[in-house]
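Have a look at the structure below, then the notes.
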Amino acid sequence: MKNNKISGFQWAMTIFVFFVITMALSIMLRDFQSVIGVKHFIFEVTDLAPLIAAIICILVFKYKKIQLAGLKFSISLKVIERLLLALILPLIILIIGMYSFNTFADSFILLQSTGLSVPITHILIGHILMAFVVEFGFRSYLQNIVETKMNTFFASIVVGLMYSVFSANTTYDTEFAAYNFLYTFSFSMILGELIRATKGRTIYIATTFHASMTFGLIFLFSEEIGDLFSIKVIAISTAIVAVGYIGLSLIIRGIAYLTTRRNLEELEPNNYLDHVNDDEETNHTEAEKSSSNIKDAEKTGVATASTVGIAKNDTENTVADEPSIHEGTEKTESQHHIDNQTESNHDEDHDITSKSVESAESVKHAPQSDDLTNDSNEDETEQSLKEPATYKEDRRSSVVIDAEKHIEKTEEQSSDKNK
């Protein structure tokens, strides 16, 4: 039998190789940013690293079906719901950031002071492309692999740490790098919750959320206020939304779980388990019917045995009375013959009585679960109980006939002797 489950060693090796290739390519691709002549806030060349790493891992490692399970492009109702959330959550973060700028900095600038000559449409297209190539590698490929051995929450933590290392910005000081790490980790945790239980349909949700977030950053960074203040606002706002969204999601799922369990424990009328009680009542009724049938069979067996005994006595009396009208010698010979017949009849009647009792006992120990079996057993028992009575009558007639023939023969012999 073929086992399609990915092994623990390959699981770990896939994650390790993906991360190493991604980090190595991000370092090598930095030099190509100036070559292509595109500003870094429009499109980062280093963002191609996760896409290339995912393609290499798919080609190198086996279990292609498992690796490609997170790359489904179909649409479902849940995907549409998460797409709406992927647009709403960045808007909430943007509102919190703008409020923070107004409260703590007294103003905010909608665009950076440099690069204003670039059309907004070019920036939007560039951010969509960046979001697609990054999320293809990290969410559609890597998180799908990690979730084969972990649940979604812990898989999001692992992928979030790797994504934060990949997106680390050490251009400024340590404090800036720390807030940037907080921002990217919170960003990744929100994305992990958004793509939860979408059955591999992750690319649309991840791309939409990523592009919305990165596109919104250009409205909050201000050269006059400083990059440190901007990254603080972005990081804290994203962290607040991440905690709120994930916490609310856990609460809703917990309530749904408790409600479902309570509904299963407190069964209402006409529920799907009512047939259990019906079966118990049916079995109880069948048991009572079987017990009553057994008692009737036992009574019939006893009555049959008594009838056989009475028939035996009648036969003996009849056979004994008929020879008494003849002479002494003839009576002695006839009586001797009848005694022999009676003894054999007594043995046969004893066997018949034993069979009747055994039939009654077999009915008593017969299975009681099936109505058809009970009916067939009752018919067989009645038939077996009727057979001894019929046989008794036939046997009695046979004995009387034999006795009459013997008497006639004896009379003929006596008349011949007298002559």
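Cβ atoms here come from the backbone N, Cα and C positions, even for glycine.
The annotation transmembrane segment is assigned in Swiss-Prot to 9-29 (among others).
The transmembrane segment annotation in Swiss-Prot covers 41-61 (among others), and the record cites sequence analysis as its basis. Tertiary proximity for the transmembrane segment (41-61) is limited to same-chain residues at least six positions away from its ends with a CB under 8 Å from its CB atoms, namely 10, 13-14, 17-19, 21-26, 29-30, 32-33, 67-68, 112, 115, 118, 122-123, 126-127, 129-130, 133-134, 136-138, 140-142, 166, 218.
Annotation comment: Swiss-Prot describes 84-104 (among others) as transmembrane segment, evidence class sequence analysis.
Taken from Swiss-Prot, the feature transmembrane segment applies to 118-138 (among others), supported by sequence analysis. With a cut-off of 8 Å between Cβ atoms, the residues of this chain six or more beyond the transmembrane segment (118-138) that come close are 18, 22, 38-39, 41-44, 47-54, 71, 159, 162-163, 166, 188, 191, 202-203, 206-211, 214-215, 218.
The transmembrane segment annotation in Swiss-Prot covers 152-172 (among others) and rests on sequence analysis.
Annotation comment: Swiss-Prot describes 175-195 (among others) as transmembrane segment, evidence class sequence analysis.
The transmembrane segment feature in Swiss-Prot is assigned to 202-222 (among others); the stated evidence is sequence analysis. Same-chain residues lying 6+ beyond the ends of the transmembrane segment (202-222) with a Cβ under 8 Å from its Cβ atoms: 41, 70-73, 75, 79, 82-83, 86-87, 89-91, 93-94, 97-98, 101, 105, 108-112, 123-124, 127-128, 130-132, 134-136, 139-140, 143-144, 187, 190-191, 194-195, 229-230, 233-234, 238.
What Swiss-Prot records for 231-251 (among others) is transmembrane segment.
Marked as region 'Disordered' by Swiss-Prot: 273-419.
For 282-299 (among others), the entry in Swiss-Prot reads compositional bias 'Basic and acidic residues'.
Look at Swiss-Prot and you will find 323-353 (among others) tagged as compositional bias 'Basic and acidic residues'.
Annotated compositional bias 'Acidic residues' per Swiss-Prot: 372-382, in sequence order.
According to Swiss-Prot, the compositional bias 'Basic and acidic residues' annotation covers 383-419 (among others).
Counting residues 6+ beyond its ends, the transmembrane segment (84-104) has Cβ neighbours under 8 Å at 190, 194, 205, 208-209, 212-213, 216, 219-220, 222, 225, 229, 233-234, 236-238, 240-241, 245 in the same chain.
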